């Protein structure tokens, strides 16, 4: 038997540790823990892995010893969902059925779920039986198996119910670790780190130094078949730290078993971590949650002034080494976290029921140092402090008046630039170097982590993290066998690109990959790569040209050396990268900087100076400009290298002193600094009126009185470009009445390609304070405001993930009159992670954390496109940009600009002639210039059409991408490329392409996609004809598209108001198959669902259709219907056809759905968690339906999984959709119980069971129920019903009672209204009846209005103007018209309300707009109305609403006309009774309306006047005449109008339109319009 280590807990040697323990365990059972019945409880995963071996040993030893004990087994499903009341009851019932008694011994074999559950069963079964823990996961070994805690989960929280019941034995068998996956292994490491960091400083230091080695081996175990030998490499080290962790926990539990004080320390990271785990379950593992929790609780300690900031950084570094998430932005974590709404408040709510809490005080373990806590128990912490740490954004309240003008002293964190250079130089050296004041930040972490993975050096921390000890390996680097992720660290990316050329080739995988964040993948690195490739290095771009990710193939030769030419006008880091690498080249390097004056020369000088400190002297040529000679050699490091403070960071506290009139000393940056930015005080602050005193190592400044900063005028900041943001903020309040107060900062063009486009960002964010600023070709101008007039920012400051922007605007926030919200506060982690703590503790700035959802203003300004932001159109020549751009300008009421046209205005010739005279390159530069101008000067209320080749220029692409990132809209107008080619081949007016058109398209299409936020797909039309006459259905679809993407579409809010709503599910491989049925099958529907996963191109049945094919079908459908569309990509895991394994492709397809302007996206939960924030930011008006389908079980309160899925969907969706299955009618009752318990009425939900027996759930669902139609060939899901079937069922169930509707008036016997409404009721299956009630007396209506079954009524002559006395209220429209034509009856607050409405005017407007569909405005037109009865009131109101003026009223009765004129009391109405009153009519008469009933003869004088109007010359070619008579289509007036070429709209058409509005008021749905229209008007209408 192997060596067994026994540890004591609570005075007993209960913990046994070793390898291959089955024989030992069996022996212990039979000798020390004997029982007649042993019960093994495990899960189905563990059962097959370990139970056979244990059973073999147990039976063998029992036989040898003649023991007859029973061995029983109970297996449960794996996972957190089994840790429930239900499972506990199942186990207990089974134990009783097996006649188990109090002498039974229960053995838990498994992870934490098994241990917790079985421990609780053991504690309560027979009032407590003995049990044994055999943990099979690292997490369970170091945490849950030790100490006796046990529990189950409830719907109210994790581990909500449980006891403390100590196991008889805990057997820790390291053999189990060998079978764990990498993720399972690392999940347990978090708990191990937690235990060690609170108790043992030396053990933590040892662990962090060896973590990379162990983690690397663990990762490699999954890549090799020889897993056992790999495991043996690390088992010795692992045993040490596992045993240390167990010892610590056992010691603490022995002192405080019941968790009164000391044991609460073991909850470090758990107060916040458990809450995170509960909110995000099941997608986040326990260890991952605890990892985040530890970091947040350590940050809380730092924020409260208890903990050295370096400790936080060391903890983060250690956790990250293992691949554990350390922030809500962590790449390994944000797939789940992004998009969670109310995340922080949810976490705080869960924390409020933490078992450690004392009354309402939240208790958290606070670290005071590594190995030491602030108290020997958890400490009370306020919600505000927790919220500040957890929140993504921070609200700054400014510096209190009593803190102004106080002196502060700041010791800066180490310089990022020097830290990263020192790290490289020390790693490449041949000795040991102590780096002091090393910066702990995101940027240096990425560098340090990458160098560790390259095995470039050995690293360890000393002096509580203040000193980093580096043992270099003389330039030897290994291939890490994994990609190196560098975040958004441009410094790291550029330096490592050269360093990685020194990596030794590896026989297994001879390449390595450098990658980074999305922004990093847009930042240029081309000049550096070009120089290295020209020197023989093998480097490839994996995505965009000139950007990360890079694939680097190491060579034996490494860097060749010799003459290297490098363009350094973009970044000095290119130069530093090659300089530092050059001593290890094969031949001596001569580095020549070409292409113009290098940018940021002081940083090149800094690198050279530091290389000298490490033993390599670089010589600058005296004869050749910008040329350097670098000798071969190996760096020799100094024993100690002190890193000075970060000079750029120094500008922020100094600027606070300057802007407030205070004083500040920086203790570790002075005149001797290597950093160019150290000159900021002398060159910027001093001229602005500050007193400046510098020693070699310190800087002191005192600001002038508040509001007295002097303007700089014009200043070139090329030598200190990163500090321009601080200067710009100060310039914004440098207001002097007697002097110019505009500051121009130049020489900073490189700031456009930093973490973001900083110049553009500064302009945008200053505007939020009311400060005018604008871009210059290589800089920015800022117009100052007097500080006393400085408005506060009502919107949050968008930091663009840029630390410099966050810190700069925090300076301005110090003097703001109201709180300022800084969004994405964690971006400062790049250089100064504890900047907010400095503001709070040193400058006394009050602050609190804030979420988007807590501040609607921030929500709208940041997450949504500005409502009037300028829209840019891009796309191939001939795609229709200009035509659609003009249309868009008309729809949205904006000005249209054609970029090509303004260029031609400037060059005074055509583009064709200009290109022939100069070149395409010259034209592209001109085009770029105007694009920059438009982006700067035309930010709102424009539609701008760009030339097809605008995206050929890299800088133009960057500008468009930046505009999109700033929530601008760029639409790619696309037409089938073959249609474009056909058209362009006949167009000789434009400059010819230099390449084949198809080749041009193939080159550009990726750029169009990258540079656009949206795409509108033009269906096949002849471009020439298209220009002349745009099809109405195309106009309509484009209008709906624009309304959706600009947020002017209120569809979602309208659906929410309905008592019942439905969407039609379409299951077709080709949508064109149902176009002819569309009007019929969508009757009563509020939306249409398109199942993209079912699309299939006939000739490509074995693969997914292309996005272009899908777009073509979708946009064809758009032209056939105005209903909103639901874009659904259902995967095989959820019952669909799209392979669940194709997750990356699925995301691409879904994001294109958003790009195409879909109103709704149905996204499955696991994908929704990853895409929510992207969609919410980039396409804020598209609503997400977060869906989960499980067709194997019903929805029930007893199933923890459904509760979790509901909570997840609530976070990720604007709409929740859960679909289970029914095997019995009772399952639907369980579903209703689930809804009653868990439904959050603020988030609408679709919760149904599928299958025939689930139909009841569909009937009972009220919001957006998926439906089918009998005209469709098949149902998309079993049990799906039509709207008619649902309404019929609701009626039978008594939930939809009969109603009667009436037409009141006289004469009405020939009315078509009963036919219209009854046909609508019949089609939709509504149990309603519409009938005539002929009367001219309102007294006869009193009784009928109060019938129980009365639903509503139509009102016609002669009752329209006097029926209101019988009603409870009338609408504003009806009151303004003075006429009621519709009565509704609603139930409100226990009583029925009769309300009068008027839909006549709506019917008139709809009829006019349907005919003249896209006339944006009628304001330049006039019209006439014949008649003066009740209907004429609605006609007048309709024309006034359209903006038509003047309106001529024609009638023989002057009294009636005067009555109407005085009722409306407006000069827009001109009464006409006689012929002579028609003199001098100079208006454009476009619309005429007759309100005279069919059976009333027209007075001859009125007819003569009408003839004059019909014959008046109109500016437009068409006039529209509406004859509201419902009888014959031919009247005297229509005959005259037709003869004068007026278009006629007959009375029945208007009746149908206003009846449709009545139907909507009564039923909440539009009438099946085309079916009713066909039946009433006939097929020709």
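Note: Cβ is positioned from N, Cα and C throughout, glycine not excepted.
According to Swiss-Prot, the region '3-dehydroquinate synthase' annotation covers 1-383.
Take the CB of residue 83 (NAD(+) binding site) and look out to 10 A: across all protein chains shown you find 24 other CB atoms. As annotated by Swiss-Prot, NAD(+) binding site applies to 43-45, 80-83, 111-113, 116, 136-137, 158, 176-179, 187, with the evidence given as sequence analysis.
Spatially close to residue 127 (7-phospho-2-dehydro-3-deoxy-D-arabino-heptonate binding site) yet at least six residues away along the chain are 102, judged by Cβ distances under 8 angstroms. Per Swiss-Prot, 7-phospho-2-dehydro-3-deoxy-D-arabino-heptonate binding site is recorded for 127, 143, 149, 159, 191-194, 249, 263-267, 270, 286, 355.
When secondary structure is read from DSSP and collapsed to three states, residue 286 (7-phospho-2-dehydro-3-deoxy-D-arabino-heptonate binding site) falls in the helix class. The Cβ neighbour count for residue 286 (7-phospho-2-dehydro-3-deoxy-D-arabino-heptonate binding site), using a 10 Å radius over every protein chain in view, is 25. According to Swiss-Prot, the Zn(2+) binding site annotation covers 191, 270, 286.
DSSP gives residue 259 (active site, proton acceptor) a coil state; it is part of no helix or strand. The Cβ of residue 259 (active site, proton acceptor) has 20 neighbouring Cβ atoms from other residues within 10 Å, across all protein chains displayed. Among the features that Swiss-Prot reports, active site, proton acceptor is placed at 259 (among others).
Counting only same-chain residues at least 6 apart in sequence, those with a Cβ under 8 Å from the Cβ of residue 274 (active site, proton acceptor) are 158, 159, 289, 290, 293, 350, 354. In the three-state DSSP scheme, residue 274 (active site, proton acceptor) falls into the helix class. The active site, proton acceptor annotation in Swiss-Prot covers 274 (among others).
Annotation comment: Swiss-Prot describes 396-845 as region 'EPSP synthase'. If you average pLDDT over the region 'EPSP synthase' (396-845) in this model, you get 91.
Sequence annotations record features per position, and here Swiss-Prot assigns active site, for EPSP synthase activity to 827 based on sequence analysis. According to its DSSP assignment, residue 827 (active site, for EPSP synthase activity) is helical.
Residues or ranges marked as region 'Shikimate kinase' by Swiss-Prot: 868-1065.
The ATP binding site feature in Swiss-Prot is assigned to 875, 876, 877, 878, 879, 880, 881, 882; the stated evidence is sequence analysis.
Feature annotation from Swiss-Prot assigns region '3-dehydroquinase' to 1066-1285.
Annotation source Swiss-Prot lists active site, proton acceptor at 1189 (among others). Just so you know, the Cβ of residue 1189 (active site, proton acceptor) picks up 21 other Cβ atoms within 10 Å once every protein chain is counted.
The secondary structure of residue 1217 (active site, schiff-base intermediate with substrate), as reduced to three states from DSSP, is extended strand. The Cβ of residue 1217 (active site, schiff-base intermediate with substrate) has 24 other Cβ atoms within 10 Å, all protein chains considered. Taken from Swiss-Prot, the feature active site, schiff-base intermediate with substrate covers 1217.
The region 'Shikimate dehydrogenase' annotation in Swiss-Prot covers 1298-1581.
Put simply, of the binding-site residues 43, 266, 882, the one whose Cα is nearest the Cα of residue 259 (active site, proton acceptor) is 266. Considering only the binding-site residues 263, 270, 877, 881, the Cβ with the fewest other Cβ atoms within 10 Å is that of 877.
Checking Cα-Cα distances from residue 286 (7-phospho-2-dehydro-3-deoxy-D-arabino-heptonate binding site) against the recorded positions (43, 187, 191, 827, 878, 1217) with a 10 Å cut-off leaves 187, 191, in sequence order. Mapped onto three states, the DSSP output places residue 882 (ATP binding site) in helix. What surrounds the Zn(2+) site, by Cβ distance within 8 Å of the Cβ centroid and not counting 191, 270, 286, is the set 139, 143, 190, 194, 269, 273, 274, 287, 289, 290, 293 from the same chain. Put simply, of the recorded positions 80, 177, 1189, 1217, the one whose Cα is nearest the Cα of residue 881 (ATP binding site) is 1217.
Across the structure, residue 113 (NAD(+) binding site) and residue 270 (Zn(2+) binding site) place their CA atoms 17 angstrom apart. The CA atom of residue 80 (NAD(+) binding site) is located 17 Å away from the CA atom of residue 270 (Zn(2+) binding site). Comparing residue 177 (NAD(+) binding site) with residue 880 (ATP binding site), their Cα atoms are 63 Å apart once rounded. Excluding 875, 876, 877, 878, 879, 880, 881, 882, which define the ATP site, the same chain contributes 948, 973, 975, 980 within 8 Å (Cβ to the Cβ centroid), listed in sequence order.
Taking the C-alpha atom of residue 875 (ATP binding site) as reference, the shortest distance to any of the recorded positions 83, 266, 1189, 1217 belongs to 1217. In this structure the alpha carbons, written CA, of residue 263 (7-phospho-2-dehydro-3-deoxy-D-arabino-heptonate binding site) and residue 876 (ATP binding site) are 68 Å apart. Most Cβ neighbours within 10 Å among the binding-site residues 876, 879: this distinction goes to 879. Per Cα geometry, 270 is the residue among the recorded positions 270, 827, 1189 nearest to residue 83 (NAD(+) binding site).
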